[in-house]
Amino acid sequence: MSASLPLWAVLGLRQEEYLKICEDLGNEPSETVLRMYAVMWSEHCAYKHSKPVLRRLPTKGPHVLQGPGENAGVVDLGDGLALVFKIESHNHPSAIEPFQGAATAVGGILRDVIAMGARPVALLDSLRFGWPDEARQRYLLSGVVAGIGHYGNSMGVPTVGGEVYFDPAYSGNCLVNSMGLGLARREEIQRAIAQGPGNPILVVGARTGRDGIGGAAFASQELSGASEADRPAVQVGDPFMGKLLMEALHELYKAGGVVGVQDCGAGGLTSACVEMANRGGVGMEIDVLQVPRREEGMLPWEVMLSESQERMVVCLERGREAEAVRIFRKWGLEAAVIGVVTDDGVFRVKEGARVVAEVPVRSLADGAPEYTPDAREPAYLRPLRAFDFARLPEPEDYGDVLRKLIASPNIASRQWVYSQYDHHVRLGTVVGPGGDAALLRLPGTKKGVAVKIDGNGRYCYLNPRRGAAIAVAEAARNVVCVGAKPQAVTNNLNFGNPEKPEVYWQFVEAVEGMAEACRALGTPVTGGNVSFYNEFEGRPIYPTPTIGMVGVSPDVERHVQPGFKRPGDVIVLLGQPEGAHLGGSEYCWVIHGVVAGDAPELDLDLERRLQECVFAAIHQGIVTAAHDVAEGGLAVALAEMCIQALPEARGCRVTVPLGPGRADGQLFGETQSRVLVTVGREDVERLRNLALEHDVPIRLLGEVTADGRFRLAVLQPSPKEGAALGRSLIDLPVEALRREWQEGLERWLVPGGA
Amino acid sequence: MTGEHREGVTGLPNPRGEVSGMAKFGVLVFPGTNCEIDVLRVLRDLLHQDAELVWYEERDLERYDAVILPGGFSYGDYLRAGAMARWTPVIEAVYAAAEKGRLILGICNGFQILTEAGLLPGALQRNRHLRYVCGWTHVRVERTDTPFTSAYRKGQVLRIPISHGEGNFYADPDALAEIEKRGQVLLRYATPDGQLTETANPNGSLHHIAGIMNKAGNVMGLMPHPERACEAVLGSEDGCGIFASMIHYLTKGRVFHVG
């Protein structure tokens, strides 16, 4: 295909980039050098299109110990403890080889956490697929879930939460974003740096083969029907090796003498070595003959660019090599000295005595040009936003709508997914999958860490700025709902081809929205990942920024969950009291087959006050259950609280006073900044005072019952002055709703299921 | 629901209070084991026992009153769960310890290793639905006159989580009959009220078997993770009784013998 093209073009570089390389080098690059540039300057490694925009994100805060730029972000938890966390995507590999694509996503994010000196303590995943009526989507989901479990379970790291959504927009390009969390004592944090001329550079872990060569370049192209042929670019994960590598590294950290560590991710040894040297402002010399290999006859560039998994690069203090080799041998692993830190700022690759590449570190690591392409509002937006919702009929049977909504694969129980993940190992999981957010206890303290991964491609498609802000707000709200205070954010920005003005506009808008929300809620961004070129046959996915939010609970014993606890408790809506917003809702999609309108409005100031109010109420010990109002709106949130209730509190009697707008919009619309809580009758006054104090609207909706029925009525303003008409809209057995919810996703996936 | 089950353990003299004595536990670590720290935490921090990790190359377990093979993925479970760990040096020492009547407990991957090693009958096949499964299960206590279950009441239902891909207990008809005849089944998957229904069996195990012991009564294996059910904040304390029973047996030289 490429006989006529110059090598730089075959490798995906632009002419202007090739010319800059020649200028930086002072001559024309050899093939080895050019191949290293092609990887280091790929979008995946160099963030050419995203860097200028990402600078708009707030990254500083009093508790941020490490912002963007290292293997992962770090926040201070107090008591000498630090929380390490990061998110990564493996969208393209998973789209063509779901099991290994997802498994290596988990492996990679865990090694990022381990490279920071931390013990991985939790995993979460954000997944997007096409609608499950397509067999291929079910195949992808099954493969991805099995792959995540394969790696995480074997490593002994619990998968404590996540999200999965289905929409035809992801049919040709699924999304697999994996988030890892680790714990360390503050003084144990490592950096990805090479320093001290004369210090040895080691590669540790697995041997190097020809697998995954070109993975970074592959991730920087759009997918098409021909992408299947790129299957060899997908790496293969070995979680057993990953586990041994983790244990050996921790033993090495304890032994001391480690200057810096970095995972061999995209770009393999080249990327790890060059980035470490660049951070240290040093040069480095590598001899490819010293790299342990699993195949014979590998060329120098193949060794340098292989993306074989379960490898790390370590810079040690001189004289500590023998001890490192002994530790790795104990775990049955390789540790080989492959090079040395130099002081000349040059990255020099040798094959024995022969020099095969000499490149300035700074050029290779940081020299890629930055692009600010044209941004243009997509033409689809105007007609979509102008959609006339009056065209949609109001439901005749609200109970029937609720049953259908609760069975939507986007709302139904995710047990089929998370039951394939170990979520208890390490004895830290206080609230696991299925809660609003996961909650982990911190050993030796009363405290806990809450974490949530959240995104909403549909809102972002309709309004990327507001959609991204909502993703941040909702993730924070979820963290608050288990009793934690939001602290910081990591993010994965999944978009189409940024060279298209419409996609680039979506990207810029989403980053702005995220920045606004992070500023308003006091949650700086400590790092993340950008995944562009998520397109299939020229059709981009919904813009999908994924937010990973972490928070701290001062007392894990004070946590709450969504399920009702006691009959007689009062059900209270805190936050936005009225709203009939239909745009972008699951109701419009599931019942009417419509994705249109605008994303719901978001008042960030009210959002912050609401979150502070809920947090205070939980820690005063008066809240017995709390749940964010999200997909499916108020009615679905109430139903979820019934379904997850203790057996003796399985029911509710609720009356919603109707405000302006359609009744379906008020019950199933996704108006933001709302949390449902329950409190004992005796605590209603305290809650009222708290709401008053925080200037948060409060509305008593009804009570928890023991009769196993979900009863929802509305109160309609009557034409007569001062009177109101009550009307029962839904009266269903909770058990019927529970069955719909339990089987909603499973029925697509379990052979012989409904 | 949990409260009711909890009562079984705490209904006895509280197992934590009861275990006044101290026994010495060895917790084995194979490459790929990942529950050793959890077991250690329960033994040391909650039950105040003398417990330490033992590397798989160790050939002498003489100094331990009890040996625990914790869960995880020894050798990645790559050949078949437990099939490779079974050939490591420490297993020779486990044979010797079992021979001498020391208590041996295999949890999850540990159970798989013990069946592979022939210290327990039967085998653990892939789950019936061929998927890994993690979640809370209920198991019914079949016998209480053993060193592993004396802290419970007969018929008591425990709430303990599982997490495995190969937990489907199988034995050929003769072996199964023998296991039943000798009363080697200690735990069966059941509903919260103790019924052996199809839906209560998470992996397709024959006769709902979740845990068994050897003929001599000093080696037990179980697929559920009792160490994950020892604190209320994690959702259940029901698993504690397994360890409490062992400690009681080792320090008092007898079983509880409770109704």
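Placement of Cβ uses the backbone N, Cα and C atoms for every residue, glycine included.
Here the structure is a predicted model, which means the values were calculated and not measured.
Here is what TrEMBL says about this protein:
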ACT_SITE  A:His44  active site
ACT_SITE  A:His90  active site, proton acceptor
BINDING   A:Tyr47, A:Lys86, A:Asn491, A:Gly528  ATP binding site
BINDING   A:Glu88, A:Asn529  Mg(2+) 1 binding site
BINDING   A:Ser89, A:His90, A:Asn91, A:His92, A:Arg111, A:Gln235, A:Glu307, A:Ser308, A:Gln309, A:Ser531  substrate binding site
BINDING   A:Asp112, A:Asp263  Mg(2+) 2 binding site
DOMAIN    A:11-48  domain 'Phosphoribosylformylglycinamidine synthase linker'
DOMAIN    A:69-183  domain 'PurM-like N-terminal'
DOMAIN    A:196-349  domain 'PurM-like C-terminal'
DOMAIN    A:434-552  domain 'PurM-like N-terminal'
DOMAIN    A:566-713  domain 'PurM-like C-terminal'
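Structural mapping of features recorded in TrEMBL.
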residue: A:Lys86; record: ATP binding site; Cβ contacts under 8 Å, 6 or more apart: A:Asn71, A:Ala72, A:Gly73, A:Ile109, A:Asp112, A:Val113, A:Met179, A:Gly180, A:Thr490, A:Gly527, A:Gly528, A:Asn529
residue: A:Glu88; record: Mg(2+) 1 binding site; Cβ contacts under 8 Å, 6 or more apart: A:Ala105, A:Gly108, A:Ile109, A:Asp112, A:Asn177, A:Ser178, A:Met179, A:Asn492, A:Asn529
residue: A:His90; record: active site, proton acceptor; Cβ contacts under 8 Å, 6 or more apart: A:Gly101, A:Ala102, A:Thr104, A:Ala105, A:Gly108, A:Val176, A:Ser178
residue: A:Asn91; record: substrate binding site; Cβ contacts under 8 Å, 6 or more apart: A:Asn173, A:Cys174, A:Leu175, A:Val176, A:Asn177, A:Ala219, A:Asn494, A:Ser531, A:Asn534
residue: A:Arg111; record: substrate binding site; Cβ contacts under 8 Å, 6 or more apart: A:Gly242, A:Leu245, A:Asp263, A:Gly265, A:Glu310, A:Met312
residue: A:Gln309; record: substrate binding site; Cβ contacts under 8 Å, 6 or more apart: A:Thr104, A:Gly107, A:Gly108, A:Ala206, A:Asp211, A:Gly212, A:Gln235, A:Val236, A:Gly237, A:Asp238, A:Met241, A:Gly242
DSSP state at A:Asn529 (Mg(2+) 1 binding site), helix/strand/coil: strand
Mean of pLDDT values spanning the domain 'PurM-like N-terminal' (A:69-183): 97
Top Cβ-contact partner of the domain 'Phosphoribosylformylglycinamidine synthase linker' (A:11-48) among A:69-183, A:196-349, A:434-552, A:566-713 (pairs under 8 Å): A:196-349
All-chain count of other Cβ atoms within 10 Å of A:Asp112 (Mg(2+) 2 binding site): 27
Using Cα positions only, nearest of the recorded positions to A:Asn491 (ATP binding site) (A:His44, A:Ser89, A:Glu307): A:Ser89
Pairwise Cα distance maximum in Å, ATP-binding residues per record: A:Tyr47, A:Lys86, A:Asn491, A:Gly528: 17
The domain 'PurM-like C-terminal' (A:566-713) - residue tally per DSSP class, helix then strand then coil: 56 helix, 36 strand, 56 coil
Any further residue of that chain within 8 Å (Cβ to the Cβ centroid of A:Tyr47, A:Lys86, A:Asn491, A:Gly528) of the recorded ATP site: A:Leu54, A:Pro68, A:Ile87, A:Glu88, A:Thr490, A:Asn492, A:Leu493, A:Val525, A:Gly527, A:Asn529, A:Val530
Integer Cα-Cα distance in angstrom, the residue listed as 'active site' to A:Glu307 (substrate binding site): 14
Helix, strand and coil totals (DSSP H, G, I; E, B; other) for the domain 'Phosphoribosylformylglycinamidine synthase linker' (A:11-48): 25 helix, 0 strand, 13 coil
Maximum Cα-Cα separation in Å among residues A:Ser89, A:His90, A:Asn91, A:His92, A:Arg111, A:Gln235, A:Glu307, A:Ser308, A:Gln309, A:Ser531, which the record lists as binding substrate: 21
Residue among the binding-site residues A:Glu307, A:Asn529 whose Cβ has the most other Cβ atoms within 10 Å: A:Glu307
Sparsest Cβ surroundings (other CB atoms within 10 Å) among the binding-site residues A:Ser89, A:Asn491: A:Ser89
Cβ-based isolation winner (fewest other Cβ atoms within 10 Å) among the recorded positions A:His44, A:Tyr47, A:Asp263, A:Gly528: A:Tyr47
Alpha-carbon spacing, A:Tyr47 (ATP binding site) to A:Ser89 (substrate binding site), which is rounded to whole Å: 14
Composition by DSSP (helix, strand, coil) of residues within the domain 'PurM-like N-terminal' (A:434-552): 45 helix, 41 strand, 33 coil
